[in-house]
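Since the structure comes first, as C-alpha cells, the remarks are kept for the end.
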Ligand SMILES: [Zn+2]
C-alpha cells in the first residue's frame, strides 16, 4: 500500500530527529501535503498510528497541512490555483502551465519533548 510506505518514511524521519535531539516523546508532527501528491489522508493517519505504536511517536498529534495545486502560466505570467485538474490558464487559456505547488509530501514541523 502506497500510504504504508509513506508513513514508514515519515516515521523514519521523525524518529531520527527525536534520537538526535535526545527526545523522549514526539508530541506534534505537521506534514505538508500537496493536493496532487495522491495521498489518502485517512489511510495515511491510520498507517502512521499503526506503525508508531511502541515508538516515541505513539499517540502523537499528526496534522496535515494541505497545499493547493498552483500553476504558473508561461504565456501571460499569471499564477492561479488549478481546479479539478484543468491544466489551462484561466486568463489566456494557454496549456503552457508550470506546476509551482501541490506535489509536496514532507514533514513541515516537528515538536519533541
Ligand atoms: Zn495565461
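Cβ coordinates are placed from backbone N, Cα and C, and glycine is handled just like the others.
Small disclaimer: the values here were computed from a predicted structure and weren't measured.
Taken from TrEMBL as is:
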BINDING   2  Ni(2+) binding site
BINDING   73, 76, 89, 92  Zn(2+) binding site
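Counting other Cβ atoms within 10 Å of each Cβ, the lowest count among the binding-site residues 73, 89, 92 belongs to 92. A Cβ within 8 Å of the Cβ centre of 73, 76, 89, 92, the residues given for Zn(2+), is found for these other residues of the same chain: 74, 75, 77, 78, 90, 91, 93, 94, 96, 97.
Here the C-alpha separation of residue 89 (Zn(2+) binding site) and the residue listed as 'Ni(2+) binding site' works out to 31 Å. Every protein chain shown contributes to the tally, and the Cβ of residue 76 (Zn(2+) binding site) ends up with 13 other Cβ atoms within 10 Å. Look at residue 89 (Zn(2+) binding site): DSSP puts it in coil.
Distance noted between the C-alpha atoms of residue 76 (Zn(2+) binding site) and residue 2 (Ni(2+) binding site) is 37 Å.
Across the fold, the C-alpha of the residue listed as 'Ni(2+) binding site' and the C-alpha of residue 73 (Zn(2+) binding site) stand 31 Å from each other.
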